[in-house]
Amino acid sequence: MADQLTDDQISEFKEAFSLFDKDGDGCITTKELGTVMRSLGQNPTEAELQDMINEVDADGNGTIDFPEFLNLMARKMKDTDSEEELKEAFRVFDKDQNGFISAAELRHVMTNLGEKLSDEEVDEMIREADVDGDGQINYEEFVKVMMAK
């Protein structure tokens with residue numbers, strides 16, 4: 001499954017993995033998974049977190065290592081983001097629910113994920129997605145970016 005990923009995708013997932021793997025030990029625990037999900041405005045129960053880990057925990061050790069994480073991401077990409085998942089993700093970023101993701105909202109979510117970005121980096125991310133040039137990302141632009149991944 002993971003062998004169908006490009007080098008770019010793998011290095012992107014490595015970066016995502018390290019956001020989850022707070023203590024850098026090469027494994028994601030339920031505690032670490034919960035921390036990241038809560039920083040994204042989700043509120044999973046302990047049982048839900050355990051289910052998520054069990055779903056991809058091939059060796060049954062109760063944590064997710066990088067190869068298991070890659071398999072999960074490859075699977076997720078195959079049943080590409082349903083309309084509902086995209087709307088949900090957009091809502092996470094669109095804090096004031098005005099239908100747009102501003103630079104401030106993007107910075108806020110990235111900071112919650114432990115990604116300290118400079119103003120330039122945030123502006124660059126907005127510019128890359130901002131098709132109509134209004135300085136923020138609307139839902140259509142967001143979908144384009146997510147589907148291009």
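Every residue, even glycine, has its Cβ placed from backbone N, Cα and C.
In three-state terms derived from DSSP, Cys27 (Ca(2+) 1 binding site) belongs to an extended strand segment. The Ca(2+) 1 binding site feature in Swiss-Prot is assigned to Asp21, Asp23, Asp25, Cys27, Glu32; the stated evidence is sequence analysis.
Annotation source Swiss-Prot lists Ca(2+) 2 binding site at Asp57, Asp59, Asn61, Thr63, Glu68, citing sequence analysis. Glu68 (Ca(2+) 2 binding site) is surrounded by 21 other CB atoms, counting those within 10 A of its CB over all protein chains shown. Secondary structure at Glu68 (Ca(2+) 2 binding site), as computed by DSSP, is helix.
Taking the Cβ of Glu105 (Ca(2+) 3 binding site) as reference, residues of its chain lying under 8 Å away and at least six apart in sequence are, in sequence order, Phe93, Asp94, Lys95, Asp96. Sequence annotations record features per position, and here Swiss-Prot assigns Ca(2+) 3 binding site to Asp94, Asp96, Asn98, Glu105 based on sequence analysis.
Listed in sequence order, the residues of the same chain lying 6 or more apart from Gln136 (Ca(2+) 4 binding site) and placing their CB within less than 8 Å of its CB are Phe100, Ile101, Ser102, Ala103, Ile126, Asp130. According to Swiss-Prot, the Ca(2+) 4 binding site annotation covers Asp130, Asp132, Asp134, Gln136, Glu141, on the basis of sequence analysis.
Same-chain residues lying 6 or more positions outside the domain 'EF-hand 1' (8-43) and placing a CB less than 8 Å from one of its CB atoms are 2, 49-50, 52-53, 61-66, 69-70, 73, 77, 92, 109, 112-115, 149. Sequence annotations record features per position, and here Swiss-Prot assigns domain 'EF-hand 1' to 8-43.
Within the model, the domain 'EF-hand 2' (44-79) carries an average pLDDT of 86. According to Swiss-Prot, the feature domain 'EF-hand 2' maps to 44-79, an assignment based on sequence analysis.
For 81-116, the entry in Swiss-Prot reads domain 'EF-hand 3', with the evidence type sequence analysis. Long-range Cβ contacts of the domain 'EF-hand 3' (81-116) within its own chain (Cβ-Cβ under 8 Å, at least 6 residues beyond either end) map to 19, 22, 36, 39-41, 122-123, 125-126, 134-139, 142-143, 146-147.
As annotated by Swiss-Prot, domain 'EF-hand 4' applies to 117-149. Residues 9, 12, 77, 80-81, 86-87, 89-90, 93, 99-103, 106-107, 110-111 of the same chain, all 6+ positions outside the domain 'EF-hand 4' (117-149), place their C-beta atoms under 8 angstroms from a C-beta of that stretch.
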For Asp21 (Ca(2+) 1 binding site), identify the closest of the binding-site residues Asp57, Asp59, Thr63, Asn98, Asp132, judging by Cα separation. Thr63
Integer Cα-Cα distance in angstrom, Thr63 (Ca(2+) 2 binding site) to Cys27 (Ca(2+) 1 binding site): 6
Starting from the Ca(2+) 4 site formed by Asp130, Asp132, Asp134, Gln136, Glu141, give every other residue of that chain whose CB sits within 8 Å of the mean position of their CB atoms, in sequence order. Phe100, Ile126, Ala129, Val131, Gly133, Gly135, Ile137, Asn138
